[in-house]
């Protein structure tokens with residue numbers, strides 16, 4: 001961890017004002033907050049982290065559902081959908097906490113965000129990544145703060161307006177105040193964990209998008225085919241690492257959010273169900289929270305996949321323009337120019353990356369270079385590169401399935417079909 005911090009300091013020293021853009025990392029790794037979320041560097045911090053997790057994710061929601069079910073309250077203060085709300089938030093936050101703990105234990109936050117690899121990229125990419133870190137704080141706050149304020153308003157109203165119906169211990173005002181604060185802390189803790197993982201995934205994708213945009217500029221200048229291939233292999237290898245790290249989280253979140261939304265739809269459409277702002281407001285807020293986090297993940301994955309696959313069309317255009325230009329210069333009757341002996345590339349195998357321990361590469365579909373044994377015609381080099389791009393599409397995958405725009409359309413179609421089927425089964429028109 002000390003070496004990684006030194007690497008970041010070295011990178012940031014070229015631009016002192018960019019140091020403040022890493023405050024999301026500093027805040028999560030500081031002594032005040034690291035033990036709450038991810039730091040398990042020693043047994044005491046790990047035990048404290050898990051204790052806080054169990055209190056706010058398991059203990060308080062379970063106790064709240066049992067004590068404050070309020071089945072004898074009036075219609076405005078009953079909580080018929082509280083079970084779905086508590087289970088949905090607790091399961092998603094549990095999944096997030098397990099992933100964060102695993103990431104912190106294996107890599108550390110700075111290595112997990114590929115900050116240790118920023119020395120290998122251009123200054124423009126480093127500055128852009130610093131700006132993305134700064135924007136991630138705003139994105140995280142823009143989701144957490146409104147949800148927290150809305151839930152605070154709901155719980156404060158619920159405890160104040162129903163103070164004579166809601167159970168309490170010893171003193172009604174003190175009991176309800178403490179209970180309200182604890183429930184709000186539980187809500188804030190669970191939503192923060194979930195949104196944090198989603199924003200971290202978006203952040204890792206943002207770095208690769210910046211790298212791809214910088215990589216695309218090599219086609220605008222005279223560049224060697226081998227160097228282009230090496231850079232693309234490095235980006236593709238990194239995308240595989242990101243996919244291996246987040247594939248279980250993305251798939252589990254998609255399944256959990258889908259089940260949660262269909263369960264919510266089923267109970268709200270049930271005959272005789274009491275649905276109004278006071279009874280279903282917290283359920284709606286929970287749904288907005290979960291769907292927003294899933295949307296962040298799917299949109300980020302689709303965006304970087306689209307960027308990675310657009311390199312193919314860019315390379316094809318570059319190859320076409322170069323071929324037309326070469327024939328315009330040489331003439332149609334002359335032979336295609338051969339590569340000079342000085343242009344020969346003695347490329348070696350790509351070095352193994354220690355981050356690849358998350359998934360074994362396929363014997364054929366790997367990111368290793370094949371050594372060149374003889375001279376190659378310049379046209380053939382370009383054609384081989386375009387063919388490589390066409391048959392090796394990079395992007396974010398979930399257990400082999402590419403998360404591109406077509407996949408999002410398919411997911412939307414399936415969800416819509418299931419929703420219409422469920423509505424058809426629960427609502428009957430006379």
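Placement of Cβ uses the backbone N, Cα and C atoms for every residue, glycine included.
Here's what TrEMBL has on this protein:
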- 47-68: transmembrane segment (TRANSMEM)
- 83-104: transmembrane segment (TRANSMEM)
- 139-160: transmembrane segment (TRANSMEM)
- 172-201: transmembrane segment (TRANSMEM)
- 246-267: transmembrane segment (TRANSMEM)
- 279-298: transmembrane segment (TRANSMEM)
Assess whether the transmembrane segment (246-267) lies in contact with the transmembrane segment (83-104), where contact requires at least three Cβ pairs under 8 Å among residues 6 or more apart in sequence.
yes
Would the transmembrane segment (47-68) count as touching the transmembrane segment (172-201), if touching means at least three Cβ pairs under 8 Å and pairs must be 6 or more apart in sequence?
yes
Residues sitting near the transmembrane segment (139-160): Cβ under 8 Å, six or more positions beyond its termini, same chain?
24, 77, 166, 176-177, 179-180, 183-184, 187-188, 191-192, 195-196, 199, 202, 278, 281-282, 285, 288-289, 292-293, 296
